[in-house]
């Protein structure tokens, strides 16, 4: 399972419908949080994501709308008896901010919280995935992130295995795990009955940024690109000045990268009552686009073999 839950999809100013930035990814039961704006823990409760399975927080940058939810979240998990360590990853300044988070409100955390500063190209290795930090273009030190699931084993050729004398049961399982088996004095190797590894899924999270080369390259053939889509195209001048992106700009990037699904987030408060201009500008260029809404969920399927 790879499920994306959009906890906060608003821009710099929260609105009645949109919380500040926060996106959680549930990858086979492990929770990864990308940005943690004010009110994120309540959104997690509303979405019923749980929080004790949260292993890491990836902060794109330290503007307030992307991190103010962290102090309350880490304190709540301490009150609930969390013992497992939590790592907060982010750009320059992450260690210093993390030390501040840990002492706000005189909270005596009952578990370890550590801050790790990443540079573009750095890789965080998980159980069955990696997260790669990307150089982005914003007005403060900033990073985007590419979540890349490990390749899956190739498809098992049952008919070929039987043809080679392997009976269904434990020997099938051994071959599927990459181990050779012996049948009637003959060695059957996994590569004889298991196809080439199949690619895992890729989700790219831009954080706040102008359209940039690093996000483009990371998004090539990605399953999902979650990108700053703050403004409609008519606001191109202000988007450039404030170091954000327009819907049309991001759609062009997604089209060039060959993304399967584009999701626009960090929606400016000027579109509180109507995201039509953003959606229309993006769909002129790239059809498979969604403007994210708070508590929206997106399942990311495996690609057909």
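From the backbone N, Cα and C atoms, a Cβ is placed for every residue, glycine too.
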For the Zn(2+) 2 site that Swiss-Prot gives with 65, 66, 266, which of 122, 208 also belongs there?
208
Near-site residues: Zn(2+) 1, ref 61, 63, 138, 208, CB cutoff 8 A to centroid:
60, 62, 66, 136, 139, 140, 142, 207, 209, 243
So which binding-site residues are near residue 266 (Zn(2+) 2 binding site), with CA atoms within 10 Å, out of 63, 138, 208?
208
Indicate whether residue 63 (Zn(2+) 1 binding site) is helix, strand or coil by DSSP.
coil
Alpha-carbon distance [residue 65 (active site, proton acceptor); residue 138 (Zn(2+) 1 binding site)] in Å:
14
For the Zn(2+) 2 site (65, 66, 208, 266), what does the 8 A shell look like? I mean other same-chain residues with CB within 8 A of the CB centroid.
11, 12, 20, 21, 35, 37, 60, 61, 63, 207, 228
Near residue 65 (active site, proton acceptor), which residues of its chain come within a Cβ-Cβ distance under 8 Å, counting only those 6 or more away in sequence?
10, 11, 12, 13, 14, 20, 21, 37, 38
DSSP-derived structure type at residue 208 (Zn(2+) 1 binding site), helix or strand or else coil:
coil
